[in-house]
Amino acid sequence: MAPIATSREEFDEIPTVVGIFSAFGLVFTVSLFAWICCQRKSSKSNKTPPYKFVHVLKGVDIYPENLNSKKKFGADEKNEVKNKPAGPNNSLRLDLEKRDLNGNFPKTNLKAGSPSDVENVTPKLFSEGEKEAVSPDSLKSSTSLTSDEKQEKLGTLFFSLEYNFEKKAFVVNIKEARGLPAMDELSMTSDPYIKMMILPEKKHKVKTRVLRKTLDPAFDETFTFYGIPYTQIQELALHFTILSFDRFSRDDIIGEVLIPLTGIELTDGKKLMNREITKRNVRKSSGRGELLISLCYQSITNTLTVVVLKARHLPKSDVSGLSDPYVKVNLYHAKKRISKKKTHVKKCTPNAVFNELFVFDIPCEGLEEISVEFLVLDSERGSRNEVIGRLVLGAAAEGASGEHWKEICDYPRRQIAKWHVLCDG
């Protein structure tokens, strides 16, 4: 009987030994896995990233397969510094003055009177000992003049006009644009496309496709407008807006072309035309107009009543005359938007009457962390609406806006209306 008891005790000890070995094995496995992860993380942290996030916002391709074919940032500048012969300090200072506001060098073109020619001439003059012949100030002024002349040239738009008498249709063919400026400073190119509308009604609005990375886009797109009598053609005008597509922000406006159709005869067939692209006529900040707002704070129900009453002296649209205004109302709590409303669109008027009421629930007691933003926009079908003016009412507002907000806080349950001047959007 004794041997049998011993074998049973040994049999009971086997699971204990197995459990101990299993625990040690599990601890060793976890430790090894953690060590491997730390090694990988340290090796990744030591590598230099191939791009910066700020460059992504400017249009640099972020896909890894394309990074190998691209040159590293700053490589060209380093090579130029190595290959450039050593010269006096004055020539180096002149090169630094050629940078633009963002610190980038402008694109060089081999043309007469261009900055590249000045850069090639200055080292020779200094090396021959004729430093007094050309002063740095004169070179700087000539460089600024050439850059200003270059900025004024926005390119040329080529198009054709035709009228189909059988179908009573007006046909516009946008052929191409040449010599557009580079809107992307990093790649020194643009992603152009064109918007076109017929004035003054602004009923017909079309746009071309976006052509990537080109300063001489060839669109060759035809737009046909039916139901326009030929006798009415003389009263119309064509408005072209040339833009550069931006994926991460608002598209850049390159310029515009306005073609009054008065005096243009289309009875002989297609008429080829070209016009220089001009700078867009931007509204001045002093003429944004005014907005009449009524506010009432209900302390019992903890609600804010906003009434958008009227707008007056709104600026005219760039070319088409009157705007089509409407108002967006945004409610913010601790600088975070928690609600939004908007009024109806009022067609072709600088003095709009809205009379629309909105009630907002306040998530906290009091109005200390509450602010209301009013955006007056110009409605444009088929494109992004342009902001005419902006107004913010809140505890942090100054001037008439701050006084209006203080009054509704001091006198709850009272509707208080005031005119406010709109500022830039």
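The backbone N, Cα and C atoms fix where each Cβ goes, glycine too.
TrEMBL entries are annotated by machine, without manual review.
Feature region 'Disordered', per TrEMBL, maps to range 73-96 of the set 73-96, 313-336, 361-384. Broken down by DSSP into helix, strand and coil, the domain 'C2' (287-420) contains 13 helix, 69 strand, 52 coil. For the domain 'C2' (153-274), the model's pLDDT averages out at 89.
Look at the domain 'C2' (153-274): DSSP puts its residues at 4 helix, 62 strand, 56 coil.
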